[in-house]
Amino acid sequence: MADFKHVSVLPAEVIAYLAPRPGGIYVDGTLGGAGHARLILEASAPDGLLIGFDQDGQALASAGERLAPFGKRVVLVKRNFAFLEEALAEIGIEAIDGFLLDVGVSSHQLDTVERGFSFQHDAPLDMRMDLSAETTAAELVNTLSEEDLCRVIREYGEERWAKRIAAFIIKRREETPIATTLQLVDVIKAAVPKGAWEVRLHPATRTFQALRIAVNDELASLEKGLSGGVRLLKKGGRGVVISFHSLEDRIAKTTFRSLAQGCKCPREIPRCVCGNLPQVKVLTGKPVVANEVEVSSNPRSRSARLRAVEKI
């Protein structure tokens, strides 16, 4: 069994904002190494229930072993958290007391060479979080049009050299398919002028991020998962999301603000006719970040941003 050595970020902050209590029902939509899940179970003892989602079967199995001491207080679901409403309905749960989404790729997935998430090692260009899914990064790289490749790399990677990288990919794949991570890295390095390489950022970072997001439909999943999670919250229940790059954080911020907004009528209309009521109260005006102590012991936490809401 793969050992998911994943250090959970912002552990104290997650518990403070989620505020688990005995008897509560909580969803960890991104179970991963089960670090946050264990904290939630301990805080909601003796009878709190945790439903853990992960589309990565390897992660789910490993988490199941780690959480075995909690027995029937844990329910595992192999599914993307975007479908949490449907999945919970299937097991008869209509409302929850809280949910957590810690989005993005896990340290273990990056370190598992054969998964193809990392540009540091040579491996098949895969990047699927759900290994039963059909589309791999290699398929996108070798089949998308130059225009679509450019759009994916620019929008999901926020890469200024997207057009040039897409053009170089097309040229290379006309000679031979791009099948491995390092083959793609070579193309990207050739496309991005050396003078534009950033000191602390590998030139392939943004393109690999973009492809991973596209392969796993991460942004749409986040938006759907957040909205679905809020709908399931009981009054006073809380939702917490941790993101690691600006695209994810922007979605969390926008979604939560929209759900917290009341009347959406134009200002020139003196009386509300839309009937829209706020669903949540935003608990974090600005995103919560890791302190210096955590960053020094877990550098990955440096880019973590936590936002939270409470159902009203």
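We number each residue from 1, going along the chain as drawn.
Yeah, the Cβs are placed from backbone N, Cα and C, and that goes for glycine too.
Within its own chain, His36 (S-adenosyl-L-methionine binding site) has Ser8, Pro11, Val14, Asp28, Leu100, Asp102 as residues 6 or more apart in sequence whose C-beta sits under 8 angstroms from its own. Taken from Swiss-Prot, the feature S-adenosyl-L-methionine binding site covers Ala34, Gly35, His36, Asp54, Phe81, Asp102, Gln109, and the record attributes it to sequence analysis.
Every protein chain considered, the tally of other Cβ atoms within 10 Å of the Cβ of Asp102 (S-adenosyl-L-methionine binding site) stands at 25. Close to Gln109 (S-adenosyl-L-methionine binding site) in the fold, though at least 6 residues off in sequence, lie Asp56, Ala59, Arg115, Phe117, Met129, each with a CB less than 8 Å from its CB. In this entry, Ala34, Gly35, His36, Asp54, Phe81, Asp102, Gln109 make up the residues listed for S-adenosyl-L-methionine, with the farthest two CA atoms of the set 17 Å from each other. With the fewest other Cβ atoms inside 10 Å of its Cβ, the least crowded of the binding-site residues Ala34, Gly35 in this structure is Gly35. Taken residue by residue with DSSP, Asp54 (S-adenosyl-L-methionine binding site) is part of neither helix nor strand, so it is coil.
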